[in-house]
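For reference, Swiss-Prot has these:
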type	residues	note
BINDING	7, 8, 96, 97, 98, 160	substrate binding site
BINDING	65, 66, 67, 68, 96, 125, 193, 218, 223, 275, 276, 277, 296, 297	FMN binding site
BINDING	161	Mg(2+) binding site
């Protein structure tokens with residue numbers, strides 16, 4: 001078995017220090033315009049950003065999506081993120097726990113999260129390919145118990161696996177049958193998330209038919225995992241690197257993925273993530289159809305700089321979110337979901353080509 005511990009460290013190193021953010025891709029969020037209200041009818045001080053994340057109340061409609069864990073230095077990053085998200089009342093997801101299930105010495109880098117963040121929602125994480133490889137209820141329960149998780153994310157990453165030097169692109173349909181059966185035995189909800197290439201309406205409908213109602217778009221336009229694996233291929237002299245260059249813009253852009261999932265599965269719980277880099281991006285994602293926004297890479301980079309840097313990052317994000325809410329007259333998160341928007345450019349073209357009627361969608365995104 002490849003050394004997945006070292007692979008996790010290399011992934012974080014490349015993500016944090018190489019140019020892989022939004023490389024050759026776009027979120028399409030620039031095509032989402034929040035309509036300015038010159039007289040908002042509210043005061044900044046009364047804006048309420050609280051919302052629900054399954055059974056728990058959270059302070060802002062933003063979560064940290066899973067990215068890291070597996071070795072001591074990664075555990076230190078997880079500890080910083082957990083301490084700060086606990087302070088701000090923000091849910092936190094961890095990276096894939098496969099490494100901790102298969103290597104006991106990696107468990108503490110994940111377990112530390114709940115030790116320093118006793119109250120916020122924590123989201124466990126395993127990969128869909130592991131279901132094909134033999135994972136079942138036992139491994140899911142282990143991942144959940146390891147961090148006393150409030151939910152578990154199951155990540156889809158076929159594009160990353162295809163170009164990864166040691167990739168395992170295994171996505172047979174019986175993995176969904178296993179996931180459906182496992183979900184019936186778990187005490188916490190399952191969120192199916194992508195890994196930088198977005199969820200299409202076809203995938204959302206398929207997952208929904210197997211009982212999945214919670215999604216995380218992780219759309220194109222943020223951390224480019226094909227680029228990360230391309231860099232790893234280059235370092236190893238792997239011929240896959242040349243092929244990976246042709247796929248750097250592969251995927252469903254984040255804004256399009258939010259629309260596709262919300263339109264095809266209207267009653268879903270939806271995290272809009274992938275290239276969310278500001279509070280304004282988060283506000284756009286929520287107004288477009290997400291329940292909350294998610295981000296990973298900018299959190300990772302700030303955490304590497306230290307706890308104070310990450311705290312300042314979240315203060316900035318929350319201020320920008322509240323500014324967008326103020327300027328749209330949205331006194332709370334539900335109002336933000338119903339605020340007036342205009343969809344332009346490539347996103348409008350995408351929606352129309354994919355059969356999404358914009359007038360109908362406006363009602364769907366508002367949950368009317």
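The backbone N, Cα and C atoms fix where each Cβ goes, glycine too.
Because the structure is a prediction, the values reported are computed rather than measured.
Long-range Cβ proximity for residue 7 (substrate binding site), meaning a same-chain Cβ under 8 A and a gap of 6 or more residues, is found for 166. Annotation for the binding-site residues 96, 97: lowest Cβ count within 10 Å of the residue's own Cβ, 96. Each of the binding-site residues 98, 193 was scored by the number of other CB atoms within 10 Å of its CB, and the largest score is that of 193. In terms of local Cβ density within 10 Å, 65 ranks first among the binding-site residues 65, 160, 223. Closest to residue 67 (FMN binding site) in space, going by CA atoms and restricting to the binding-site residues 8, 98, 160, is 8. Across the structure, residue 65 (FMN binding site) and residue 98 (substrate binding site) place their CA atoms 16 angstrom apart. Residue 96 (substrate binding site) is 12 Å away from residue 193 (FMN binding site) when you measure Cα to Cα. If you count neighbouring Cβ atoms within 10 Å for each of the binding-site residues 67, 276, 296, the highest count belongs to 276. Our reading of the FMN binding annotation (65, 66, 67, 68, 96, 125, 193, 218, 223, 275, 276, 277, 296, 297) yields a largest Cα to Cα distance of 22 angstrom. Cα of residue 8 (substrate binding site) to Cα of residue 161 (Mg(2+) binding site): a distance of 14 Å. Sequence-distant neighbours of residue 161 (Mg(2+) binding site) (same chain, six or more apart, CB under 8 Å from its CB) are 129, 167, 168, 169, 170, listed in sequence order. Using CA atoms as reference points, the binding-site residues 96, 97, 98, 160 were checked against residue 296 (FMN binding site), and the closest is 96.
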